[in-house]
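J.: Encoded as structure tokens, here's the structure I'll be asking about.
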Amino acid sequence: MTKVNMKVNIAGVELKNPVMTASGTFGSGREYGEYVDLNQLGAVVVKGVANEPWKGNPSPRIAETYGGMLNSVGLQNPGVDEFIEKDIPFLRQYNTKIIVNIAGRTIEDYCEVVKKLGDADVDLLELNISCPNVKAGGVCFGTDPFMVEEVTKAVKKVAKQPLIVKLTPNVTDIVPIAKAAVAGGADGISLINTLLGMAIDIHKRKPILANVMGGFSGPAIKPVALRMVYQVANAVDVPIIGMGGIMTGEDAVEFILAGASGVAVGTANFINPRATIDVIEGIQGYMEQYSIKDLKEIRGSL
């Protein structure tokens, strides 16, 4: 049997394997402790944290759809101070890397969170630029290349950990957005966030979600995610974390072939709490089947 090396390097941080959780689908790991040995994961990407506690959106926030789900949780979180006090000590019990997803309503919001995390024992930061920019009339940060470069540059200036920028797919062309993030100093790119979607209750003749629209995720979005990862991998020279509809090891291998260094498992966690472990084992099985000793051999090899 081929001895396989699943280690990957994301912006100078070595992970034991490429598999991590997608932000917002795994909390800070406590909820899954009964099912998943966190020591086996390459990294835990925690639910987005903001400078102050966010209440999130009104219910209903979740709607099942064909091939996936819609969510409109609204980044409910207790704030970065509570995260530092309670969640980091919990996660540091495990031999896994910690990636903190950061939310904000203004550039200043993002920077304040990053400053507070400066001396915290975390490994990487993930900047969620799918948030609306309150100072720009609610326009999503991640849909405008100028804003993407501006917010990335500001956050990078105060960040002490490597900075990953998470891209929204709700754009005409993902490549200028990725290039803007790199121009702003991003050490890596993660994509995709959720697609904007909607579901309607035909009996009540009302939207199912209280917020009307929400983020669409699950296996149905994988072809879109793969296409965007492939495009970005061919356009920028920084590590990429690919996500969007990953349910199995085979799905993850597709993302690696498209150019991703890491892969994040999201919606699958709700269906199968052990999804991350299954994906790790699936990648390992694929490598053994094809006598692949190191993931570098196949990354971006299309």
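One-based numbering along the chain as shown.
Quick reminder: no glycine exception, Cβ is built from N, Cα and C everywhere.
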J.: Would you identify which residue of ASN5, ASN128, ASN269 Swiss-Prot lists as part of the substrate site it also attributes to LYS47, ASN71, SER72, VAL73, GLY74, LEU75, ASN193, THR194?
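T.: The one candidate that Swiss-Prot places in that substrate site: ASN128.
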J.: If Swiss-Prot says SER23, LYS47, GLY48, ASN128, LYS166, ILE192, GLY218, GLY244, GLY245, GLY266, THR267 bind FMN, which of ASN9, ASN101 does it name for the same site?
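T.: Answer per Swiss-Prot: ASN101.
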J.: Give me the long-range Cβ neighbours of SER72 (substrate binding site): same chain, 6+ apart, Cβ under 8 Å, in sequence order.
T.: ASN57, ARG61, ILE62, LEU209, ALA210, ASN211, MET213, GLY214, GLY215
J.: Consider each pair of residues in SER23, LYS47, GLY48, ASN101, ASN128, LYS166, ILE192, GLY218, GLY244, GLY245, GLY266, THR267, all listed by the record as binding FMN, and report the largest Cα separation in Å as a whole number.
T.: 20
J.: Cα-Cα separation of ASN128 (FMN binding site) and LYS47 (substrate binding site), in Å?
T.: 11
J.: Which of CYS131, ILE192 has the fewest nearby Cβ atoms, counting only those within 10 Å, among these recorded positions?
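T.: Result for the recorded positions CYS131, ILE192: minimum number of other Cβ atoms within 10 Å at CYS131.
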